[in-house]
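So the structure is just underneath, and the comments pick up after that.
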Amino acid sequence: MRVLIKNGTVVNADGQAKQDLLIESGIVRQLGNNISPQLPYEEIDATGCYVFPGGVDVHTHFNIDVGIARSCDDFFTGTRAAACGGTTTIIDHMGFGPNGCRLRHQLEVYRGYAAHKAVIDYSFHGVIQHINHAILDEIPMMVEEGLSSFKLYLTYQYKLNDDEVLQALRRLHESGALTTVHPENDAAIASKRAEFIAAGLTAPRYHALSRPLECEAEAIARMINLAQIAGNAPLYIVHLSNGLGLDYLRLARANHQPVWVETCPQYLLLDERSYDTEDGMKFILSPPLRNVREQDKLWCGISDGAIDVVATDHCTFSMAQRLQISKGDFSRCPNGLPGVENRMQLLFSSGVMTGRISPERFVELTSAMPARLFGLWPQKGLLAPGSDGDVVIIDPRQSQQIQHRHLHDNADYSPWEGFTCQGAIVRTLSRGETIFCDGTFTGKAGRGRFLRRKPFVPPVL
């Protein structure tokens, strides 16, 4: 199968050019002008459009069981939504397994979830929910099998203490893996939450008040220091929501510490006022939405390079689930927002089209740096000969209003309802195959491939 994309502006993280792009047998074969491929081939006219590498979303939660509920997107509906939003690769954060389970247990479970459902290519982050000799011995074997990043939690049921974190950091570093972490101070949150519940203060706004930014920032600072103690172990902070935590990361980077950070569209574009709306329960996620001042600080990090990745933390629970389970109490509400379909369009509209970032920086945030950090470069995140033919075509001339009824996930609402975006995803190709075109999903379940990722190699800081 040959596909020739003509007349578009091809953009990579290191530059852009108006040129044509030839994909053959799922692989980029040639870029340039006046390409004359052998017949037969499909021709796609991208006049006036940007031709970007397909998005790489390194933070999703599909089919996750959080005890009180299972998310309503499985690996078909979740990756279908991703494809329709220009994302061609996801790395899913696996949920917790049974108490005392081995690392391999959850990998086998999740490979079963995805095998016949995923529309796009996928991998997983391991999850370390307890520490013992068997777990530590498993890590290098898992890395050899293509799982080169693992997540630690400082909050929730399987939070690790500082000694366990140090053991994990050391072994992951020795094994060629990147440590990712959900950083929030669990004890401080539990104390604040108990105060509010005792006082009968259970409305959605108290979710945010029970998890102040200092809880997140303290945990970030602690992880930075523990990583240094563990031999300068590489560290990746997920879903950053505030400027104080970013300040700590800037300081670590200035001291040449190997730390990287992601944020998400919700922390750039939504704020804590959402909790005071009639549907405030739909915005329950952790860390919570912050104020506009924190948004501005994050946008500075997006613009000046301090933030490395924009992912989604897509974790969808329906409003029916939220209301039935919570009964109006924030502390009982399952956490998470949908967004895997909207990430690329929202960042393009609010970043590129406003002049906050260049098209090249857009690529760096949404595909190139995620691919580099998580062992997929140059197969993913790049349009060059030999790379996978993963492409998203965006037309900057089109304006669209986000409406849930036009989205492809399995949620019954969108936090982005009514947002107007300048720029539209008009086509998505995965390994040269069109899986979304002009509003219509054309992919199929099970075509996605499991990606064995390379051991961690730090990009140049």
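Cβ from N, Cα, C; glycine included.
When Swiss-Prot records S286, N335 as binding substrate, the matching candidate from Y113, Y122, Y156 it lists for that site is Y156.
Together with K151, H182, Swiss-Prot lists one candidate of H105, H116, H239 for binding divalent metal cation 2, that being H239. Summary of the site annotation: Swiss-Prot records divalent metal cation 1 binding at H59, H61, K151. Screening the candidates D308, D313, D329, D388 against this entry identifies D313 as the one listed for that site. Spacing of N335 (substrate binding site) relative to D313 (divalent metal cation 1 binding site) is 11 Å (Cα to Cα, whole number).
Among the binding-site residues listed here, namely H61, Y156, S286, S286 has its C-alpha nearest to that of H239 (divalent metal cation 2 binding site). When the CA atoms are compared, the binding-site residues lying within 10 A of H182 (divalent metal cation 2 binding site) are K151, out of the candidates H59, H61, K151, D313. Of the binding-site residues S286, N335, S286 has the largest number of other Cβ atoms within 10 Å of its own Cβ.
Its own atom aside, the Cβ of H59 (divalent metal cation 1 binding site) has 25 Cβ atoms within 10 angstroms in the protein chains shown.
Cα of S286 (substrate binding site) to Cα of D313 (divalent metal cation 1 binding site): a span of 10 Å. Each residue in T60, D92, H93, H125, H182, V238, H239, A311, H314, C315 lies on the same chain as H59, H61, K151, D313 and has a C-beta within 8 Å of the C-beta centroid of that divalent metal cation 1 site, without being one of the site residues.
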